[in-house]
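Asker: For reference, the structure I am asking about is given below.
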């Protein structure tokens, strides 16, 4: 099956595990796990291996064009995203300040577009790698049709220029392609973002025509307005699928209130009653779910209240969140895991950031910063819990974790991150690791947006059924979609949303392994391991 630049992968000796029927891939897979029971003082462990049999079906027809609607289209991430798609689609080469000749456009930083996956070993035992997106058909970002909403009405060439993320030569070449694109009017409830954003809010759909001021009444009408925007965009561009992603300002946390947002019915009623704890992100998420369009939350606020998750469950609509994991936190999810897995005991992590883009400007408000602080702090929780030797009631079961974010206009999109990891070693020794990291914030976030959209679209084409006790070839029963919360996407998210009752996995290597093994099983390959018996056994 050829899915990437002429690459063809054929898996031999899979028997009846994998079959192709017209435009469908059917895979029979036995999932192996271990159920562990332990006594109260955790000195005795009883392990029971458990097998479950599933059949997966992949629709091999990826969309020729995929609709992408960004909330916050006119921001740094949104304008950079549109620019990246156009530059790659039209092969816009450009000059940079630090390189001779022309630079070709690329999708560096994107796991789906610029990374590889281990296929196996060759006859000499050497690892063989192929592009990540070559195992199964995935949509090409060049085929994205991009639109969206923003509370600021600047055209996209103006938004790109204001962001000043890209090289000047590239901006000049892309401006003619972007000047006719303007964000749709968005929802603006001032209480949810920093007051300093009011000066930008000139493109709002919730403006009272009599006073010319924004109003927070009529929230059900605002929801229906967004639903109509989605339908219109889909129809005008002849699209089969549209994915909505929030890359707008960080909102404050909403209160979880009984009778307001604790159930689907209460949430919808609260929207109709203009309840004060209904945020703009709630409006966009609910509209997307009701239109059966996947919705991804790229900011740290708690958009997915219990009522919204229930709404997604009832509508069988995919959702994912929260908060892009792009720089400092991604490194933290690797380094903290490494230290704890090595038997080293981190006792404090101090994380400092300053940045000068509008994200930093909005986060200078305490309520919005609190949302970000919660998101960034949770990344080490499951890592600590994985090692009761290092973290327990006697030694302490927490890490002192301090997070600081400051706005400094002068540095623009170049976010500066400084971290110090202070750890205990054997026999009273200590270790201190200090990291200074400077990066273009939006050029790290935009590839994540691309990956989230590509993988969400792919997951929407995968269904499964439980076939325990059945012959795979003669299996019966309806195929189902994934559970609506796409925890497979946790690799790209700071505070991964999970199925209620389950803990998130934050370790980056674990998250990547899950993605790789899922793609491998679909084409009949076993889960990857590093046993390497070819060299270790006689």
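Glycine is treated like the rest: Cβ placed from N, Cα and C.
Per Swiss-Prot, the features are:
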| type | residues | note |
| --- | --- | --- |
| BINDING | 74-77, 150, 186-187, 197-198, 200, 247-250, 298-299, 323, 326, 357-359, 372, 412-413, 441-442 | NAD(+) binding site |
Asker: Hey, which of the binding-site residues 150, 198, 323, 441 is the loneliest by Cβ count within 10 Å?
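Answerer: The binding-site residues 150, 198, 323, 441 were compared, and 198 has the fewest Cβ atoms within 10 Å.
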Asker: Indicate whether residue 150 (NAD(+) binding site) is helix, strand or coil by DSSP.
Answerer: strand
Asker: With H, G and I counted as helix, E and B as strand and the rest as coil, say where DSSP puts residue 441 (NAD(+) binding site).
Answerer: helix
Asker: Including all protein chains shown, what's the count of other C-beta atoms within 10 A of the C-beta of residue 249 (NAD(+) binding site)?
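Answerer: By my count, 26.
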Asker: Should residue 198 (NAD(+) binding site) be counted as helix, strand, or coil on the basis of DSSP?
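Answerer: SS state of residue 198 (NAD(+) binding site) = helix.
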Asker: Identify, in sequence order, the residues in the chain of residue 74 (NAD(+) binding site) that are 6 or more apart from it along the sequence and have a CB within less than 8 Å of its CB; answer 'none' if there are none.
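Answerer: Set apart from residue 74 (NAD(+) binding site) by at least 6 residues yet with Cβ under 8 Å, we have 150, 152, 153, 154, 156, 159, 183, 203.
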